[in-house]
Amino acid sequence: MPSNKSVSDAPIVQFTNCRILRSHQLQREDLWVREGKILNPEKLFFEEKGSADIQLDCKDSIIAPGFIDVQINGGFGVDFSLATDDFKSGIDMVSQKILSHGVTSFCPTLVTSPPTVYHQVLPQISVRNGGAHGAGILGAHLEGPFISKEKKGAHPEHCLRTFEAGAFQDLLATYGSLDCVRIVTLAPEMKRSSEVIQELTKRGICVSLGHSVANLSQAEDAVQHGATFITHLFNAMLPFHHRDPGIVGLLTSDKIPAGRRVFYGMISDGIHTNPAALRIAHRAHPKGLVLVTDAIAGMGLAPGRHTLGQQVVEIDGLNTYIAGTKTLSGSVATMDTCVRHFQEATGCSVEIALEAASLHPAQLLGIERKKGTLNFDSDADFLMLNDDLYVQATYIAGEEVWRQDALGM
């Protein structure tokens, strides 16, 4: 019996001539993969007496964990907040196309919608692993409708709701089901929001604070009840004020429960947040920064009119507005673009830029043992990138699912 078959018959692939992002540093070592997992070569050599079946020369590429996008409203003409007969084919197309931008897992995001939309769409979203068919789905992100009228942003006012009547039961009736829900964005200043946050947290659902006029003590109270995320920091919330910094103040609050980290999303597209604001947030709380695209249906399409749930939006260059207004409505930037802009704007290291789109979102969702790192035994979801952080190839479970050369680029 061949020596490396003592544990498994599956082939062992060795990626050579690469720099691997591991333990917060780019390290010049090989990456070993078997059965969709990252192998510990020492165990392989000394316990199994094994060796590689296949060797792949990475030509000095960076190998980094696959990107995880926890806020994406759609793309390529598909709007996740529209209940259509072919919703499944739409989500399949987006999951396929974002592979070329390095996204290996994502949370399809629904903006504020009528209950009928949630009841139709949510049963059609199922948590699934990624592969050649597309990026993995981690569960839905429901952004609204329990948000502030004053900070509704691009969300339709007539669909907004409160918790005053039935609190958690009202939320259940609105969404219909929480089976595939991973994140809920709500405004913490709403009456009875604390008990809703507790109930969602109990069910393993991440609660994010956003589209809100909450002051700092209301935001801190929400964190003490279980909230762990801030939806697109600075956007759709009270601006920072030195006497009451509002939700932004959570980045340096001394009232965060011990052992808990508050994460915050940022749309690093050069439009939603001034580079100086990006630098301020990053320097204040670097380990909490999570890059999100907040991409809408118009991502990947020509400028013009598209949808965002119940609203019509206009794309003008990289700007997206509610039609006829100057209200920003999501982004058309891809995740790899956001990573490059973040690194350029902050001057941070390559490692930090890559971890903001991989390790941090995985930590936010509590899946860092499986995704977001290249640690031994984690899922072999990873990217090959050049030194300028352009994606050259995308791998899910150790299998190549996209390569730049394949498109003749």
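Glycine is no exception: its Cβ is also placed from the backbone N, Cα and C atoms.
It should be emphasised that the depicted structure is a prediction, and the values quoted were computed from it without experimental measurement.
According to TrEMBL, the domain 'Amidohydrolase-related' annotation covers 62-401. The feature Zn(2+) binding site is assigned by TrEMBL to E143, H211, H232. Per TrEMBL, substrate binding site is recorded for A154, N235, A236, R243, H272, L328, S329, G330. Here TrEMBL flags D294 as active site, proton donor/acceptor.
Summarising the environment of G330 (substrate binding site), the number of other Cβ atoms within 10 Å of its Cβ, over all protein chains shown, is 33. The most crowded of the binding-site residues listed here (N235, S329) is S329, judged by how many other CB atoms sit within 10 Å of its own CB.
In sequence order, Q71, I72, N73, T109, H232, G265, I267, H272, G330, S331 are the residues near D294 (active site, proton donor/acceptor), counting only same-chain partners six or more apart with C-beta under 8 A.
The binding-site residues in question are R243, H272, and the one with the fewest Cβ neighbours inside 10 Å is R243.
Comparing local CB density within 10 A for the binding-site residues H211, H232, the maximum falls on H211. The shortest Cα-Cα distance between H211 (Zn(2+) binding site) and any of the binding-site residues A154, N235, A236, L328, S329 is the one to A236. Using the Cβ center of E143, H211, H232 for Zn(2+), the list of other same-chain residues with Cβ within 8 Å runs, in sequence order, Q71, G144, I147, G153, H155, T185, S208, G210, T231, N235, A236.
Between the farthest pair of Cα atoms in the substrate binding residues (A154, N235, A236, R243, H272, L328, S329, G330), the distance is 30 Å. Over all protein chains present, the Cβ of A154 (substrate binding site) has 24 other Cβ atoms lying within 10 Å.
Sequence-distant neighbours of E143 (Zn(2+) binding site): residues of the same chain at least 6 apart with a C-beta under 8 Å from its C-beta are Q71, T109, L110, V111, T112, H155, T185, G210, H211, T231. Here the binding-site residues are A236, L328, and the one whose Cβ sees the fewest other Cβ atoms within 10 Å is L328.
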